[in-house]
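Trainee: The structure that follows is given in the form of structure tokens.
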Amino acid sequence: MAETDGAAAFTELRDPDWDESQLRQYTFPTRQIPRLSHTDPRAEVLINNEEPVVLTDTSLVYPALKWDIPYLQENIGNGDFSVYIAENHKFLYYDEKKMVNFQDFVPKSRRIEMKFSEFVDKMHQTEEQGGKGRVYLQQTLNDTVGRKIVVDFLGFNWNWINKQQAKRNWGPLTSNLLLIGMEGNVTPAHYDEQQNFFAQIKGHKRCILFPPDQFDCLYPYPVHHPCDRQSQVDFENPDYDKFPNFKNAVGYEAVVGPGDVLYIPMYWWHHIESLLNGGETITVNFWYKGAPTPKRIEYPLKAHQKVAIMRNIEKMLGEALGDPHEVGPLLNMMIKGRYDHGLS
């Protein structure tokens, strides 16, 4: 796949519902993620190899393609929804339980529980004010939803996705996350420890992925930090003095629209943005635990296996030392001057 200058990647495959002016500009090159029918044998090969692909015709969430804000407001029920509120367009995830390790950490967004109607009011109020404040609903679908949503959910193409899961010996479906965002919202680059089918329902999202072997280009926060698994690099204003390897980053990108399903492999970094001036976006994630570790390990290890090892080392050291802040100095003492230059 040829490298491109980001937005220009889409000239040939442009969907009439959006154009390049709606994409944010970044400094790194990107390649196109293949767009294929789910019946195309190449799609199966990509998923088997844990490489991303956009599937255009799975009908995975077909009954949900009618979902919009009024329909959901009428039918989603009276449960509580997790809504993140941020001062700008970037919603950097953080683990509230890990905040105890970093007393000085100040989250860039806050999470509030509210009814769906309260979220809609808050979103419309924010849109009308035109200020910097933004909201993003991120809620696991649960049994508080109304009957019509349940009927839609049961009508998803479970036959197809269950076969995908079985073929690859993945673990169970852990959750279906409903995401409703304002135009221009950004979820900065991070990776998950689960397999993900990312089903777009309303509006368009640009998804930029990076393979696990670009770990050293993306500088994740330490495992004990609240922003574990998130990149420290600000894509809009990268600090190359602090993060010099980011100059070597190469992304894989696609814009997904209603009915598209993007396979995001486990441990692949992904940066997700709702298009500028593209209206509200609705997405449902299908998250699966990965396949169990094979009894016989094959060498050389794959990049994602090395990421898992690094995570385990950080976790073990944090527990052994009794203080996560001692992990970095100990690793530096171990490596500096010993492993960081060629040994004869």
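The first residue you see is number 1, and the count goes up from there.
Yeah, the Cβs are placed from backbone N, Cα and C, and that goes for glycine too.
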Trainee: Determine which of N142, N196, N277 appears in Swiss-Prot for the same 2-oxoglutarate site as Y136, T187, K205, N285.
Mentor: N196
Trainee: Swiss-Prot records H190, D192 as Fe cation-binding residues. Which of H89, H124, H270 is assigned to the same site?
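Mentor: Site partner of H190, D192 for Fe cation, according to Swiss-Prot: H270.
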Trainee: Quick one: pull the CA-CA distance for K205 (2-oxoglutarate binding site) versus T174 (substrate binding site), whole Å only.
Mentor: 23
Trainee: So among the binding-site residues D143, E193, who's got the most Cβ atoms within 10 Å?
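Mentor: Going through D143, E193 one by one, the largest Cβ count within 10 Å is at E193.
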Trainee: Need one number: mean pLDDT over the domain 'JmjC' (133-303).
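Mentor: It averages 98.
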Trainee: Greatest CA-CA distance (Å) over the residues D143, L173, T174, D192, E193, Q194, R229, Q230, A291, N312 that the record ties to substrate?
Mentor: 35
Trainee: Nearest of the recorded positions to E193 (substrate binding site) by CA-CA distance, picking from T187, N285, L331?
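Mentor: When the Cα distances are compared, N285 comes out closest.
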